[in-house]
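According to Swiss-Prot, the features are:
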type	residues	note
ACT_SITE	Lys44	active site, proton acceptor
ACT_SITE	Tyr269	active site, proton acceptor
BINDING	Arg139, Met317	substrate binding site
MOD_RES	Lys44	N6-(pyridoxal phosphate)lysine
Amino acid sequence: MPRPIFALISPTALRHNLSVVRQHLNRAAVAAGGVPPSIWAVIKANAYGHGIERALRAFSEAQGLAMLDIEEAVRCREAGWAGPILLLEGFFTPQDIDLLDRYHISTAVHCQEQLDMLARARPSHRINAMVKLNSGMNRLGFSPQAYGAAFEAAQALMRDGVLGSVGKMTHFATADGPQGPQWQWEVFQAATQGLPGPVSVCNSAATLRYPELAAGPGATHWVRPGICLYGASPFSDTPAAAFGLRPAMTLRAEIIGVQQVSPGQTVGYGATFAASKAMRVGVVSCGYADGYPRHCATGTPVTVNGVATRLLGRVSMDMMMVDLDPVPAAGVGAPVVLWGEGGPDVDAVAAAGGTIGYELLTALAARVPVRDAS
């Protein structure tokens with residue numbers, strides 16, 4: 001028998017979350033007197049660990065897909081996706097431009113080197129592009145001072161038949177926090193004033209909390225929701241459920257051993273947990289080699305037999321220990337939910353480990369089998 005651990009992915013939850021985002025944007029558009037933006041469903045990092053092909057089927061109602069890897073983009077085309085695809089980091093070599101041309105893939109353009117490669121290209125089809133502004137995150141994009149010239153260079157490539165539509169995009173650094181995105185939005189507006197083409201500025205956090213930035217009248221807007229489509233929250237202060245989102249990934253395991261621990265005895269590496277009373281301790285078939293955060297400490301939530309309990313001591317490579325006192329009927333073979341449907345929120349587990357839900361979902365180990373939920 002295989003080791004008792006697996007991840008369940010719910011296509012129903014994926015579809016539901018896309019619908020929630022769409023309805024949220026529709027309401028914002030009505031309030032602003034504008035048109036609802038189009039949605040690029042972000043499926044980078046193997047669809048945040050959920051599987052590219054699975055996400056393709058679930059997000060069939062999205063207007064487009066956004067990702068990083070050109071090979072994943074080609075897989076989407078070969079799997080039958082006919083809508084727009086955007087490469088968020090753009091391309092890296094002249095040979096990549098051949099693939100953009102052959103598979104009708106759109107690209108971000110964020111540096112002069114990419115413009116230079118495009119200027120030397122002779123594609124058989126026009127390539128759509130989004131010229132990226134560095135509005136303050138200082139990651140990718142042209143500076144506000146250089147943006148006008150970069151956009152004009154892209155328009156020249158459009159006139160030369162290399163590029164098709166040319167749009168404007170940026171990425172918000174603080175849409176998930178109290179500072180908000182307004183400071184970057186003002187930089188973006190100033191740098192792009194009077195420039196034509198579609199606009200894309202909203203990530204998951206901005207889509208959920210500041211949808212008016214993409215729902216007002218004027219240019220065609222595209223939003224780029226990612227983590228929220230998978231049922232996790234981009235915010236540390238607001239759970240995904242507050243937006244009506246459902247977890248798409250559930251990590252399940254089992255109790256594979258039970259220990260009777262006496263008062264004063266310790267549990268796990270480093271003896272970091274000492275029992276204050278006699279207690280039952282369950283050994284779970286999941287560890288940090290499966291993608292569970294090693295830094296999660298005693299008290300991290302976990303569910304056994306449908307009952308909330310807690311992690312005890314340090315997480316091992318292949319196992320972890322949990323408190324079975326709240327679950328007196330649980331023994332070997334009892335089902336365990338580490339995160340997801342019927343268990344703790346992935347963001348709560350991540351917070352206990354000093355990280356974010358994004359990391360847990362994308363770091364699920366290859367040795368963990370992944371199944372579709374029925």
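Here the Cβ of each residue, glycine as well, is placed from N, Cα and C on the backbone.
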Residue pair Lys44 (active site, proton acceptor), Arg139 (substrate binding site) - Cα distance, angstrom, rounded: 17
Rounded Cα-Cα span from Arg139 (substrate binding site) to Tyr269 (active site, proton acceptor), Å: 39
Cβ atoms near Tyr269 (active site, proton acceptor) (within 10 Å, other residues, all chains): 11
Among Lys44, Arg139, the most crowded of the recorded positions [Cβ within 10 Å]: Lys44
Tertiary neighbours of Met317 (substrate binding site) (same chain, Cβ under 8 Å, six or more apart): Gly287, Tyr288, Ala289
Secondary-structure category, per DSSP, in which Lys44 (active site, proton acceptor) falls: helix
